[in-house]
Each structure stands twice: as C-alpha cells, then as structure tokens.
Amino acid sequence: MRLNIAIFFGALFGALGVLLFLVAFGSDYWLLATEVAKCSGEQNIENVTFHHEGFFWRCWFNGIVEENDSNIWQFWYTNQPLWKNCTHAYLSPYPFLRGEHNSTSYDSAVIYRGFWAVLMLLGVVAVVTASFLIICAAPFTSHLLYKAGGGAYIAAGVLFALVVMLYVIWVQAVADLESYRHRKMRDCLDFSPSVLYGWSFFLAPAGIFFSLLAGLLFLIVGRHIQIHH
C-alpha cells in the first residue's frame with residue numbers, strides 16, 4: 001500500500017516537473033526588459049520599447065505608456081500588438097543584437113548563451129527520458145528502471161538548477177547593461193533600461209523542486225522493490 005502511494009506521488013510530481021520544464025523551455029518570457037526613452041520635449045509621455053526573450057526567440061515591440069502606469073502589464077498577451085519584431089535569441093541575447101555588435105563582448109555573450117542552451121536541452125532530454133523509464137518500469141516492477149528513472153529526474157533537476165544559476169549570472173553580470181545604457185545615451189540623453197525575470201524563469205525553480213522530489217521517491221521505490229522482491 002505504501003509502495004503504491006509512493007509511486008503515485010512520484011508520478012504526480014514527475015508529471016508536474018515535466019510540464020513546468022517544457023513550458024519554461026518553450027515559452028519566451030525568461031526575461032522582460034523595458035527601455036524608456038524621453039528624447040522629445042514632452043514630459044508626461046514615455047516612449048517605451050518592450051523586450052521579452054526565452055530559449056528560442058527574442059521579441060520586442062514599441063508602446064506609449066502614460067506616466068505612473070505600470071509597464072509590466074504590457075507583456076500580457078492581450079496587451080501586446082498583433083505584429084512585433086522577433087529574432088533568434090541564441091544569436092541576439094538581450095541587450096545584444098546580431099549585426100549591431102562586432103566586439104568581443106558580443107562573442108562572449110553568444111558563447112555564454114550557448115552553454116546555457118546546452119544545459120537546458122540536456123535538462124529537457126533528462127526529464128523526458130526519466131518519464132519514459134518510469135512508464136516502462138510500472139508494468140514490470142523493475143527496480144533498475146525505477147532507479148534509473150529516479151536518477152534521471154534528479155539529473156534533470158540539477159541541470160535546470162544550473163540553467164537558473166547561469167541565467168541569474170547573465171542578467172546580473174555578463175549582460176553589461178550599464179555599457180548598453182551609455183551607448184544608447186549617445187543618441188538620447190534620457191534612456192533607462194529595466195530588466196525583470198519573467199514568468200518562464202520562475203517556472204523553472206518549481207519544476208526543479210518537483211523533479212528532485214520525484215527522483216528521490218522513485219529511488220526509494222526502486223530500493224524497496226530490490227529488497228522485498
């Protein structure tokens with residue numbers, strides 16, 4: 001009875017982990033950035049460029065926001081324009097844009113982004129493999145498959161933990177937003193970029209928790225089956 005309960009909750013937590021990881025992987029809201037520029041004589045109107053990016057795409061669109069309005073709601077699906085500019089995020093991670101930068105900082109950014117992308121792909125492969133192993137383990141009550149699936153869930157959790165850490169380091173240090181701001185201020189005296197973590201980013205830690213928990217439960221299940229069968 002206890003074994004069946006452990007398998008049930010392991011499968012539930014594993015399914016939640018897979019769902020959260022796949023949504024975080026496929027959505028383009030790891031980073032939300034707003035660029036506020038006042039280049040005209042109007043003081044109450046702000047011309048804002050909104051950026052959002054994920055694993056596959058980086059998109060941006062322009063908007064006008066009245067003073068004291070919150071910019072964050074512009075990223076909601078229904079508030080976005082029908083047409084917006086998008087490019088592959090791998091070659092143009094914010095705040096860099098392919099073709100506008102021919103410097104070592106851009107090359108370093110692309111390489112860093114490459115490591116981040118590889119870790120995320122490995123995490124997705126690990127969590128999908130774990131699910132497949134657990135599905136195969138259920139009919140045969142195989143302790144080896146349960147242990148392998150549990151280990152794969154834990155590996156996926158560790159890989160996505162590294163993904164989150166690398167992204168935090170990217171936003172806080174590697175992106176060099178201060179240099180980007182100074183470069184933009186050559187054309188506009190008042191320019192202030194603002195960067196926030198998006199909802200895709202926050203899905204990853206939740207997926208990490210459920211994936212690690214599922215992995216531990218399936219390792220316990222595999223150990224129990226090995227001893228008692």
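Placement of Cβ uses the backbone N, Cα and C atoms for every residue, glycine included.
Per Swiss-Prot, the residue from the list ASN68, ASN102 bearing the note N-linked glycosylation site is ASN102. Feature annotation (Swiss-Prot): of 49-59, 104-114, 181-191, the stretch labelled region 'Interaction with ITGB1' is 49-59. Relative to the membrane, LEU145 and SER200 are recorded by Swiss-Prot on opposite sides. Checking the candidates ASN47, ASN85 against Swiss-Prot, the annotation N-linked glycosylation site falls on ASN47.
Residues 3, 6, 141-147, 150 of the same chain sit 6 or more residues outside the topological domain 'Cytoplasmic' (222-229) yet have a Cβ under 8 Å from a Cβ within it. Proximity of distant same-chain residues to the region 'Interaction with ITGB1' (49-59), defined by a Cβ-Cβ separation under 8 Å and at least 6 residues beyond the stretch ends, is recorded for 25-35, 37, 71, 74-75, 80, 84-89, 92-94, 117, 120, 198, 200. Looking just at the topological domain 'Cytoplasmic' (136-150), the mean pLDDT is 88.
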